[in-house]
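Shown below is the structure under consideration.
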Amino acid sequence: MMKIGINMVQNGAHNSGWRHPDADPDIANDFEGYARIIKMAEDAKIHFMFLADGAAVRIPHRDAEELSYHGHIDRFEPLTLLSALAAVTSKIGLICTASTTYNEPYTLARKYASLDHISHGRAGWNLVTGWSEDEAQNFNRDTLMEHAQRYERANEFVDVVTGLWDSFDDDAFIADKETGQYFRPEGMHVLNHKGEFYKVRGPLNLRRSPQGHPVIAQAGSSGPGRELGARVADIIYTGQKDLKLAQEFYADMKARVAAAGRDPAKVLVMPGMMPVIGATEAEAEARMAELKSLVHPQVGMQLISKTFGDLSHLDPDDLVPLPLPESNGVKSARDQWERRLREKPMTVRQVYEEISISSGHCVVSGTVETIADHMQTWFENGACDGWNLMEPYFPGGAEDFITKLIPELKRRGLFHTEYEGKTLRESLGLDPVPNKKTQPGVAASQSEDRIAISH
């Protein structure tokens, strides 16, 4: 069965979606609006809701005047929002982004383990390294850390986090009122990590969470990003737009997962896709044209500058010049665009309209049947294990695919009609994560762990 998540972006994934007649620009700070949509998604049996995030206003701008045309400015901190949404839902997964560059492993491990407890096993962490100079300047740096170093740190970071999630056995907490013993001492494991970038003793001050480890998603498509995802991720997000390229990415990731000693069937590749639905093909085309018309040229130029460099000296109808500048940010996006533009040149306007509409992800417009055909073709031909659906504007765009597209996928037998379990791992068909500290070969270290905590 196809796995489906909803990528809920405040004001919609389209950068200018807030200008759409059916959009509610106040939704970005309206908890009730988020709650209404996630309840609809849960009723439709969508596997999870995903919140992307960045700890900065990550839009190139010279002054407030330039920035004032952008709709992706104000947003909730995602873990806070998901914790609140956990209280009004019971089955749908809750995944959000946190950077390994601008967090500490102990704090992040504790927050996601807490969300997993609060939601009774529905938490997920989208692991990113960060790509924005703006974020760097909010965390005691003048410039963005080099790409290679970001991934070196990320590899160590995730090992510390998962080690902390194994601080206690699943049955360590006994709360024996007669003896007065709250937990079994042999069930506690102190990490005592000393690495190149991090020194973390542990243990986590929280019992092991319902899933053992919250689900880990990862979206880096550069070489180091793919290697990291193959080693640690349960879900791989990607931005492929073409079937052939998607098949190549899918095959490459599954091969890397196998090479890492993991089961490729247990790592899900889920590209982002924005459906633009019409009752007829003509209506869908008209909706797409309307979305493109909402993009202010100044906004478009600013959005593409992080990948294409400063193109403000060009007319929007000029072709994008090649080669593209080297990037220390999202290298995979830069490489994908370079490849596409060499095969089919595009104007500056065409590029920024595409990026503005879906943040560079796949966009499919048409009737429900046409869009379902596209999804089915990719799913059945080795291009994906499911989809991370993005709404062009909010909330109407999300309501469209929840109430129209999902029923068509169910009718075709491509999408489940009930959640398969209580936790997100169970729902996605992923195996539970055993505690590494209780596996064969680690028993000898447990006494050392217990001694270490007394020092």
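Heads up, the Cβ atoms here are built off N, Cα and C, so glycines get one too.
Those TrEMBL annotations? Automatic predictions, nothing curated.
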Given that TrEMBL annotates Asp53, His147, Tyr151, Ser221, Ser222 as FMN-binding, name the residue from Thr97, Thr101, Thr107 that shares the site.
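Answer, per TrEMBL (FMN site with Asp53, His147, Tyr151, Ser221, Ser222), from Thr97, Thr101, Thr107: Thr97.
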Averaged over the domain 'Luciferase-like' (17-382), what pLDDT does the prediction give?
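Over the domain 'Luciferase-like' (17-382), the predicted model scores a mean pLDDT of 90.
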If you draw a 10 Å sphere around the Cβ of Ser222 (FMN binding site), how many other Cβ atoms fall inside it, taking every protein chain shown into account?
19
